[in-house]
């Protein structure tokens, strides 16, 4: 295996990248012979009424502990959850070749921040026990929607566990059990059906949060595209043999950061919102999670996108730059990052309104495609390919004949600078690739956290100044991944590149274009080939930028942990696997060893619930603050406060912590649960010593709510000092909606 010397590695990494510029010119000329770039062309065709495939869909509740647990995404220690906005769910999609059902793919779209090696390993082990070799590492993909308001602590590497105080088994167990439930439902519901694909353009639903890095890409390449973010929504529609729609997968790149880092209510963010909107649109009378139509809103090349479409502004009361746009290159306000915040479209109302707007935009664009007449039938083989790739020292040859290599994981200083979605702290800023300009204090501190990087590691990651040399830190267990999953799924002419990280906009474009060209050149597919990206999936390998963006060292470049050749490495290795997607392909590619298991070594500092007690002269479920006098009207918020207990005692998976009930014919009928975005559940610990707590339940009455008599019901579970768990309920007084 080729291992470049220090001088060679430095030369390969230095700017300007003249050889990349020339290679990319040839690359675009090569691609132009096969297709236009954006969006991929689709020719409308009819569906096969006999059902070319077997399709099955399922949904499961994966909501972990909604209190006293750090949330996953912002890596912000104060963001410890205090309640629930909407439940997180996994949605499973199975497609099998009707003539050869063993040829199948299983795509899991989960309302979690990213896929994880340990979670996937546990899921695959259970599937092996239940179904034998039907679902394997090759044909099963675990993709996160990249929501930043989900429950944390489930990734098995140490670095993302820091803010969650280690591994949280309850979170991981919830994800596994809910995902397995979704898979079982999908497996048991397999019926003949067909697929169709279409797309549309969606504007004003995402924005590039690192435009200065994007501008580092060659001008001729940028000129090919209309903007610095992808605006294509690609929809894969599922239908039964009668032509009735049963579900969909909608691919669109936008970060799950509509809800800010100061939000502490668990939620699926904008993609969870879009999924709820579509499923409730199709089945308005079904409670969330009990629907048969399954809508998966999938993350794509999300790396440098943001839902905060108004832009980033300084929030610095009393400072002269307050209210001004953040500085362009570094996203700073007064040379610091803390006050630079992106603003969503509902900024003047709330981040929850922004979340609704971005979710609704994706829902409406997807509905336009599904209900239009421009979708084309998907037809052809069902194939999958997978291998493990050791990214710590992967050597390969670039198209121009130059040798390149990846590096053991490391994070740069700008990683600590954060983004406009979630700014960093101290004096770290984005877009600084000079270690000399950093605070010398951190040069000392970092040596007590991770091993000092060698000259070879420094050269390999150049021009990234290394803050955390995490690839060399294996105590008490691995801080960062070294081996990742490389995977592709094919259904007919539709190919999903399942990516172990977050590609930036231009990185995703290069990846899609290269693989589409390879699929056509190898004769695997013709010019109908349609390629999409899904991720972050399976293993979280952090970010994937272009070399040019890497050189700017904003957050995304600093978080490209395997060095400047990361994107090229993935393009090379995914391209090598293309022949395995051919109609008559057999066998499996050679593979590195699977990543070592880490979960059994995991440390958890989260304490368990000790005891719950009601206040003196009170009982669990008693109303402390009742609903106000009625009637209420659409737009009003009705709420009640109850004597509570810690919801960690019972996650109530596939259930609810609350209901809004309507009286109908002298019976109470549930009309809302804790999975509806109009409700919130908030828990508050009033005394750690006494074990007392309260629960606040709110319902904002929607337009069109029928007039009538209603009540709020709280469902809780208390823990005694001896450890027994007892369920209880509380009910508000009745109120009317006029």
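Every residue gets a Cβ built from N, Cα and C, even glycine.
Among the features that TrEMBL reports, Zn(2+) binding site is placed at 146, 255, 502, 543. A simple way to gauge crowding: the CB of residue 146 (Zn(2+) binding site) has 29 other CB atoms within 10 angstroms, across all the protein chains here.
The domain 'Neutral/alkaline non-lysosomal ceramidase N-terminal' annotation in TrEMBL covers 53-571.
The feature domain 'Neutral/alkaline non-lysosomal ceramidase C-terminal' is assigned by TrEMBL to 575-737.
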Subject >> Cβ neighbours of residue 502 (Zn(2+) binding site) where a neighbour is any other Cβ within 10 Å >> reply: 29
**OP:** Give, as a single whole number between 0 and 100, the mean pLDDT over the domain 'Neutral/alkaline non-lysosomal ceramidase N-terminal' (53-571).
**Re:** 96
